[in-house]
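Quick look at what Swiss-Prot annotates:
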type     : residues      : note
BINDING  : HIS83, HIS182 : heme b b562 binding site
BINDING  : HIS97, HIS196 : heme b b566 binding site
BINDING  : HIS201        : ubiquinone binding site
TRANSMEM : 33-53         : transmembrane segment
TRANSMEM : 77-98         : transmembrane segment
TRANSMEM : 113-133       : transmembrane segment
TRANSMEM : 178-198       : transmembrane segment
TRANSMEM : 226-246       : transmembrane segment
TRANSMEM : 288-308       : transmembrane segment
TRANSMEM : 320-340       : transmembrane segment
TRANSMEM : 347-367       : transmembrane segment
Amino acid sequence: MTNIRKTHPLMKILNDAFIDLPTPSNISSWWNFGSLLGLCLIMQILTGLFLAMHYTPDTSTAFSSVAHICRDVNYGWFIRYLHANGASMFFICLYAHIGRGLYYGSYMFQETWNIGVLLLLTVMATAFVGYVLPWGQMSFWGATVITNLLSAIPYIGTTLVEWIWGGFSVDKATLTRFFAFHFILPFIITALAAVHLLFLHETGSNNPTGIPSNMDMIPFHPYYTIKDILGALFLILTLLALTLFTPDLLGDPDNYTPANPLSTPAHIKPEWYFLFAYAILRSIPNKLGGVLALLLSILILVFIPMLQTSKQRSMMFRPFSQLLFWTLIADLLTLTWIGGQPVEHPYIIVGQLASILYFFLILVLMPTVSLIENKLLKW
């Protein structure tokens, strides 16, 4: 008799996705991050659900309800910090996953890649609206500054901003709708992730060499299930260490002050995972220009497959491209650092140079160097 997992309509889908899936035999630990992102998503939905049971999305009680969760709810502090630091782990995995895709040429699976970019934007939106919910100073002013960027859109900008706010400033209506968005978006992310996986399984996984591996595949289970479990243990260990020893390491002290529209914090800045984009936004001394640069800094990922000039898919055998890739990573780290600094000399000029380098590397240097490497192949 055939095993039920191969015949049952539902089990068959799971079987083909996680058990009998033919997988390249040589994929490295950089391929772990997909499953880790799935784990992060499940953890965030569960911790978020329990937080939502005690949270009140109202300006007069939101801050107090978060304090109540931390003080009076059984293990409420633990759930709250797991959720806050879980977001950081989510973005670490997300950036590692994208970096892997860029390095090994996974972006040549265009449908998978484009849905991935859509997922990135959705996760960023979810994190942004989530950061507003505790209704601390940085929540309020972050929401004010970022939503205000839409006013740079010609003609309809101001109307659009007031429509999103639900009034003439960030207030009750804004908080309520942001809570609604924050609740629904993770389920949209889950659906998108399923489609992401569907498209990936149409082609099969890429591998470090970038060479088709159809002749050398192994079943996902037990080889990669055990490998993913190891990655998951590392992730959980890191998250628990962060949550139990330094829960506020990545947060902003300003968010422990209740939101006050009459007093602006000295330095308004987003969470660490948005700092690189924030630095690019600030590096252009024009509102519309900054907003466009901010958008392009993320949407540039959509154009990566079109900028592929190399005859080789992966960077594994391309030392010059590798050098530029790691320069790009260093540049992004520099932008992240600059995004957290005040707007003064020398940070302004460093941020502007790093922003120019970011776009120059992706749009000019990397495609050019790939062409040079193609020539070197003939030597």
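Placed from the backbone N, Cα and C atoms, the Cβ positions cover glycine too.
Separation of the C-alpha atoms of HIS182 (heme b b562 binding site) and HIS201 (ubiquinone binding site): 29 Å, rounded to the nearest whole number. If you count C-beta pairs under 8 angstroms between the transmembrane segment (288-308) and each of 113-133, 178-198, 226-246, 320-340, the highest count goes to 113-133.
Neighbour counts of Cβ atoms within 10 Å were compared across the binding-site residues HIS83, HIS97, HIS182, HIS196, HIS201; the minimum falls on HIS201. Between the transmembrane segment (178-198) and the stretches 33-53, 113-133, 226-246, 320-340, 347-367, it is 113-133 that has the most C-beta pairs under 8 angstroms. Geometry remark: HIS196 (heme b b566 binding site) versus HIS83 (heme b b562 binding site), CA distance 24 Å. The highest tally of CB pairs under 8 A with the transmembrane segment (113-133), across 77-98, 226-246, 347-367, is held by 77-98. Cα to Cα, HIS83 (heme b b562 binding site) and HIS97 (heme b b566 binding site) are separated by 21 Å. HIS196 (heme b b566 binding site) carries a helical DSSP state (H, G or I). For the pair formed by the residue listed as 'ubiquinone binding site' and HIS97 (heme b b566 binding site), distance between Cα atoms is given as 17 Å, rounded to the nearest Å. Classification of HIS182 (heme b b562 binding site) by DSSP places it within a helix.
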